[in-house]
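Trainee: Sequence annotations record features per position, and here Swiss-Prot assigns ATP binding site to Lys11, Phe59, Arg87, Thr93, Arg104, Asn114. Under the heading active site, pros-phosphohistidine intermediate, Swiss-Prot lists His117.
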Amino acid sequence: MAIERTLSIIKPDAVAKNVIGQIYSRFEGAGLKIVASRMAHLSRADAEKFYAVHAARPFFKDLVDFMISGPVMIQVLEGEGAILKNRDLMGATDPKKAEKGTIRADFADSIDANAVHGSDAAETAAVEVAFFFPEMNVYSR
């Protein structure tokens, strides 16, 4: 399997619960390296631009409002099959449907406040990583 990079965001609900370290431990325990990381409080403009693909969807305003409601932790994960591995760690979008032991099953409250975001494909990951991290700020190790 190829070495990949994927974007991960720990959303405001999980940051507020003080579980960043527990989530990072899961990434590292699965063999993923954190090669870039920063905390940010997204502006409305940044959240709208990042989630622009969902602009026509009925949940867009609520998603943006939620993502700007508090700080988020944004990281780039690197490793073999990182995109799928991270999606497996996250679990289903709806925490009620997420498998026991996944990040969303353990830390999310609802389909809206679902603890984490992860890129869904290589093309998306490249765009999302570039959105938050200029290449010079990502370090393979």
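These residue numbers are counts, starting from 1, taken along the chain as shown.
Positions of Cβ are set from backbone N, Cα and C atoms, glycine also.
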Trainee: I'm trying to understand the geometry here, so how far is the Cα atom of Arg104 (ATP binding site) from the Cα atom of the residue listed as 'active site, pros-phosphohistidine intermediate', in Å to the nearest whole number?
Mentor: 10
Trainee: Please give the maximum pairwise Cα distance, in Å and rounded to a whole number, for the ATP-binding set Lys11, Phe59, Arg87, Thr93, Arg104, Asn114.
Mentor: 21
Trainee: Tell me the Cβ contacts of Thr93 (ATP binding site) under 8 Å, same chain only and six or more apart in sequence, or just say none.
Mentor: Arg104, Ile111, Asn114
Trainee: I'm trying to understand the geometry here, so how far is the Cα atom of Phe59 (ATP binding site) from the Cα atom of the residue listed as 'active site, pros-phosphohistidine intermediate', in Å to the nearest whole number?
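Mentor: Distance between the two Cα atoms comes out at 15 Å.
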Trainee: His117 (active site, pros-phosphohistidine intermediate) to Arg87 (ATP binding site): how many Å between their Cα atoms?
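Mentor: Here the two Cα atoms are 9 Å apart.
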Trainee: Under a criterion of Cβ-Cβ distance under 8 Å and sequence separation of at least 6, what residues of the same chain contact Lys11 (ATP binding site)?
Mentor: Phe66, Met67, Val72, Ala113, Asn114, Ala115, Val116, His117
Trainee: Measure the Cβ-based neighbour count of Phe59 (ATP binding site), defined as the other Cβ atoms within 10 Å of its Cβ.
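Mentor: Looking across every protein chain shown, the total is 12.
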